[in-house]
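Undergrad: Okay, here's the structure, questions in a sec.
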2 protein chains.
Amino acid sequence: MTSFTLKGVSSDTGARRGELRLPHASLPIQTPVFMPVGTLGTVKAMTQEELSGLGFSLILGNTYHLYLRPGHELVRKAGGLHKFIAWDGAMLTDSGGFQVFSLQDLRKITENGAAFKSHIDGSEHFFSPERSIEVQHALGADIIMAFDECPPYPSTYEQTQSATERTHRWLTRCVAYHKEQASEQLLFGIAQGGTYESLRIESAQFIAAQDTPGIAIGGVSVGEPPEKMLEAVSWSMPYIPKEKPRYLMGVGTPQDILQAVAQGVDMFDCVLPTRLGRTGTFYTMRGRINIKGSRYTEDFGPVDPECSCAVCRRYSAAYLRHLYKCNEILASRLTTYHNLAHYAQLMADIRDAIERDDYASFMQTRLAQYGRKNDMKIEEVA
Amino acid sequence: MTSFTLKGVSSDTGARRGELRLPHASLPIQTPVFMPVGTLGTVKAMTQEELSGLGFSLILGNTYHLYLRPGHELVRKAGGLHKFIAWDGAMLTDSGGFQVFSLQDLRKITENGAAFKSHIDGSEHFFSPERSIEVQHALGADIIMAFDECPPYPSTYEQTQSATERTHRWLTRCVAYHKEQASEQLLFGIAQGGTYESLRIESAQFIAAQDTPGIAIGGVSVGEPPEKMLEAVSWSMPYIPKEKPRYLMGVGTPQDILQAVAQGVDMFDCVLPTRLGRTGTFYTMRGRINIKGSRYTEDFGPVDPECSCAVCRRYSAAYLRHLYKCNEILASRLTTYHNLAHYAQLMADIRDAIERDDYASFMQTRLAQYGRKNDMKIEEVA
């Protein structure tokens, strides 16, 4: 049933090495893996060739955005999202739930689903669990996600319990609809439970019992501080079967990823390296820097001397600062490329450390190098 | 003195094949050549690697823009513009004159030079012929241009005569200052004369007599219709020595280039393929198209089926339209890349046709394929 193979587990942490076989990936995906986010069928500022060149073979698309533009029926006509965007690797789509719930004033939730207005033109739409899966079938990603209700942070116990229980009922509907359609896409369930230990445990147990080929831990990026997120992971993890791939949605900074891997998470996605890249922020081995700072004006060396990516090998900090000051497209291009190269290298280093069975010490060294545990909260990013 | 070698001349047109040796180009530049415009030290949306990959080995920088940002002194400290932008090929800088004269309400011209206010922060600056050359020395391009006065179109005979005569006096000052500094950069003179045959001839004769290593024909893109530009070239050309490279500044569309090559022009630059690329306009073998049109919504084939560039080989018209509709950076990237690939192929085809001594027939075929002689005026572009 599952296409996940566990290759090894760290002896001093929960970190694991695995392989995930997916229809559109010519080679198995090596886990732990980071998935760049390609919201509208493009990882912003990157070409598909560049993503492959950096070693990424699994990227994410956002169902809410692709449903509105260009529309899932057009993507279906094109032969699916892989063909439409000319991507040689595998893909995962989210359910659209997270974006719909973020719309706040533009959506109304009932037991049947979520009515919402497009953030682009105000047109009215409705996503039910069945509709989300239907749209994801048209998009055709290798992995699709259950439609869940994401409670905001902070939420009361009662609010969180209500959202978590609805998420469970919706998962049952997603699984039923998905089976009915006999799709070969892998449908992952999403465990919720907010910041409450008992709800996290209950949800992880419920999701595990549905026997989906993978399990995600959700609801941890709607304004939650990183320490709450890691706590939620620690509560959920014991109840998620070892043989399933575990996906921590929307996470995160290199520091978050290092620590979540230690808890046994296999899959990650986050907009940070691409979104922050477009604002001039570089991830380096010594923490995050913003290239617009005047101290880079005459810095004719690479932005990150410890990085061997194509950008750091060729272009100087002073040139990159100049490009940002002039609002040049090349600024976003080069920074995004570097940041994704940094994440790709981080994941490769993480996998190596697990294989050497040296993960605890590797993680401590890296966390110390990166500096402050989390130097920017996710809310400051947008 | 000159680093230009004339390799052959077409028997039925004035078209010529040549080679231009430049300090920063590892191989001689093959002419006729098109130079992509890298206004602020970046050909917008392209990496230096991509430009080289398309076969470009000579690109242009704008002195006015680089003087303001990042400043020529910073570029000097970096070791010159080539090093600052990490460009492996050769470069040409303009004098800044064209941009300063375009500032209209922000500049005041006297015999000594042009006082102007920065379009960015209103700060006050002054460019004289000597100052322009001094700034270009700091930038360090292989080819630098004389500081000239560009009269707007239309101008009266008297206005044009006055600007042309001042251009001549300023050239003398540029040449004197350049010699004094013992720079090895190649200083090109610029022949003016507006839309008046006698002034064009007079100016071409004057510039030719200064014995600069190359000669440009200027003042043809400040609002002049293409037919006026080609007429001006035809008046000037007989007086420009055959052994010198001839550079038609700011030109142009593929149709303009095809016709100007027939008159013996060797060098071109133009913002059209890059600027129009950012608005969704593709140059194709059958003329110009805008990808935003609804007829491309379900066009899952390449934008230009006759093009073999990396974009047309991989991505569909429907995907490109989607990227434009969503304002994605990748839209500008892919279109700019394709348009420059189109120009690179056009120039290669032009050089082949001259070598086969088949230029007149080649040009007619291409002009017919492209369709209307000039399907958009330069003014509509900005």
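Glycine too: its Cβ is placed from the backbone N, Cα and C atoms.
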Undergrad: Suppose a student reads TrEMBL and sees B:Cys307, B:Cys309, B:Cys312 listed for Zn(2+). Which of B:His178, B:His338 should they find annotated at that same site?
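TA: TrEMBL lists B:Cys307, B:Cys309, B:Cys312 binding Zn(2+), and from B:His178, B:His338 it also lists B:His338.
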Undergrad: For the substrate site that TrEMBL gives with B:Asp94, B:Ser95, B:Gly96, B:Gly97, B:Phe98, B:Gln192, B:Gly219, which of B:Asp142, B:Asp148, B:Asp266, B:Asp269 also belongs there?
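TA: Looking through B:Asp142, B:Asp148, B:Asp266, B:Asp269, the residue TrEMBL assigns to the substrate site is B:Asp148.
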Undergrad: Measure from the CA atom of B:Asp269 (active site, nucleophile) to the CA atom of B:Gln192 (substrate binding site) and give the result in Å, rounded to a whole number.
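TA: If we compare the Cα positions of B:Gln192 (substrate binding site) and B:Asp269 (active site, nucleophile), the gap is 17 Å.
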Undergrad: Would you mind reading off the Cα separation of B:His338 (Zn(2+) binding site) from B:Asp94 (active site, proton acceptor), to the nearest angstrom?
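TA: Answer for this pair: 25 Å between alpha carbons.
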Undergrad: If I take every residue in the domain 'tRNA-guanine(15) transglycosylase-like' (B:13-371) and average their pLDDT values, what number comes out?
TA: 96
Undergrad: Tell me which of the recorded positions B:Gly219, B:Asp269, B:Cys307 ends up closest to B:Asp94 (active site, proton acceptor) in space, Cα to Cα.
TA: B:Asp269
Undergrad: Tell me the coarse DSSP state (helix, strand, coil) of B:His338 (Zn(2+) binding site).
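TA: Where B:His338 (Zn(2+) binding site) sits, the three-state DSSP reduction gives helix.
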Undergrad: Quick check on the region 'RNA binding' (B:274-278): DSSP residue counts for helix, strand, coil, in that order please.
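TA: Its residues divide into 4 helix, 0 strand, 1 coil.
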Undergrad: What are the other residues, in sequence order, whose C-beta lies within 8 angstroms of the center of the C-beta atoms of B:Cys307, B:Cys309, B:Cys312, B:His338 at the Zn(2+) site?
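TA: Same chain, not in B:Cys307, B:Cys309, B:Cys312, B:His338, Cβ within 8 Å: B:Pro302, B:Val303, B:Asp304, B:Ser308, B:Ala310, B:Val311, B:Arg313, B:Tyr337, B:Ala341, B:His342.
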Undergrad: How many Å separate the Cα atoms of B:Asp269 (active site, nucleophile) and B:Cys312 (Zn(2+) binding site)?
TA: 24
Undergrad: As a quick check of your reading of DSSP, tell me how many residues in the region 'RNA binding' (B:250-256) are helical, how many are strand and how many are coil.
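TA: Summed over the region 'RNA binding' (B:250-256), the classes give 3 helix, 0 strand, 4 coil.
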